[in-house]
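Peer 1: One structure, pasted below without further comment.
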Amino acid sequence: MNLINKKNLNIYLCGPTVYSDVHIGNLRTIIIFDAIFECLKNKGFSINFLHNITDIDDKIIEKAQELGISEAELTEKYTNEYFKILEIFNIKKPTKIVKVTEKIEKIIEYIKLLEKKGFTYYNKNNDLVFDILKIPNYGIISGQKIESLLDKNTKKTKSKNDFVLWKKTQKGLFFKSFFGLGRPGWHTECAALIYDYFQKKSLDLHGGGVDLIFPHHENENAQHFALTGNPIAENWFRSGFVNLNGKKMAKSLNNVLLAKDFSHKYNPDIIRSIFLSINPTVPINLTEELIKNHKKLIEKYQKICFEWYFDKKNEKTEKVEQVLNLFIEGKFAKANFLIMELIKQKENSTIRKIFLNLRFNFTKMHLNPESQEKIKNWNKLIMDKNYSEADKIRKELWKIFKNS
């Protein structure tokens, strides 16, 4: 990521479509962001992070009708569930979270600007559509060739990938607009929110999964370029797929591990450890064996934070900086190699500082002030070579630490 000479970072990450519970794979990007943002703050960066909630969508309408409740009831439930998940997995809330339905007027204004500039037309369903052929660099985000996107049935005057800005419909939740009754398209929702919140500026960083590169990120960029002549983001951060037992994790395939179910069964720090151990774009195959290995690793990390109380050497600031920089650059495997080297060298203060910046929940574990007296007693017993009594105190303190 090229963040040179930037101290105030404008960042966006697409949020969930709130018609069901999020699965563990949905959390990969935001957990990585949570850790990287803390690393950036450690270097003096200020983070302005916008995260959206898609609370109007065909899937939402279908689910609400199936359950016999309103879209608002359904989305309120799953939005609150999502916020609970963020808390459980120790993910800091973004600077600003915005629901699409709260910004319909802004989205309509945004679409009007695109129409006024001549980037739109009405399709056979009377939906207002964006004409991608009006964007000379369409495909720059995804590497698509514009020639391959042409629709052979329209004599090369239209593209099969022209996308809906405003869908004309009265099914489910819909809104009044200059384009008729309907609701906005997904690609436009995100682009309009970015344009509004960041005052037409390009983002310093846009995040999302690799599955969103085309068409979602490409279409966001096309709209922003149409209105400003600039890309929607100067840097992109994308995370790879999370598979479950060798198969794609997807609700449509009924092959998911819900985040809430993971947290009921395992320590949430385990998934943070997994996500931060593998370079971001590399696919992860989540298995019981992988979870078990990282469970052992978290226990090891907890012990290191406990050992720090007995040997508070000065942290090596340059080593902390080196590791955090590697995480910022997305070189997770190399960063973890250096952490293992520091563990071998018993640099507990340095390692603990790194873990604090990666926002592992276990860093909140502590020994209370009353325990400090026991540590003094332990030191005295060690000096007196009364190792059996010292060991008893250490075991007592470990219990206090684990339960803190």
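Backbone N, Cα and C atoms are what each Cβ position is placed from, and that goes for glycine too.
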Peer 1: From Cys190, Cys305, grab the residue that Swiss-Prot records in the same Zn(2+) site as Cys14, His216, Glu220.
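Peer 2: Answer, per Swiss-Prot (Zn(2+) site with Cys14, His216, Glu220), from Cys190, Cys305: Cys190.
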Peer 1: Under Swiss-Prot, which of the candidate ranges 16-26, 38-48, 137-147, 159-169 is annotated motif ''HIGH' region'?
Peer 2: 16-26
Peer 1: What range among 63-67, 238-242, 248-252, 363-367 does Swiss-Prot describe as motif ''KMSKS' region'?
Peer 2: 248-252
Peer 1: List, in sequence order, the residues of the same chain other than Cys14, Cys190, His216, Glu220 whose Cβ lies within 8 Å of the centroid of the Cβ atoms of the recorded Zn(2+) site.
Peer 2: Trp186, His187, Glu189, Ala191, Gly208, Leu212, His217, Asn219
Peer 1: Using a 10 angstroms cut-off on Cβ to Cβ distances, just flag whichever of His216, Lys251 is the loneliest among these binding-site residues.
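Peer 2: Minimum Cβ neighbour count within 10 Å, taken over the binding-site residues His216, Lys251, occurs at Lys251.
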Peer 1: For the binding-site residues Cys14, Cys190, which Cβ has the most other Cβ atoms within 10 Å, all shown protein chains included?
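Peer 2: Per the Cβ count, the most surrounded site is Cys190.
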Peer 1: Rounded to a whole angstrom, what is the C-alpha distance between Glu220 (Zn(2+) binding site) and Lys251 (ATP binding site)?
Peer 2: 25
Peer 1: Quick one: pull the CA-CA distance for Cys190 (Zn(2+) binding site) versus Lys251 (ATP binding site), whole Å only.
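Peer 2: Pair distance, Cα basis, whole Å: 22 Å.
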Peer 1: Pop the mean pLDDT for the motif ''HIGH' region' (16-26) in here, whole number is fine.
Peer 2: 97
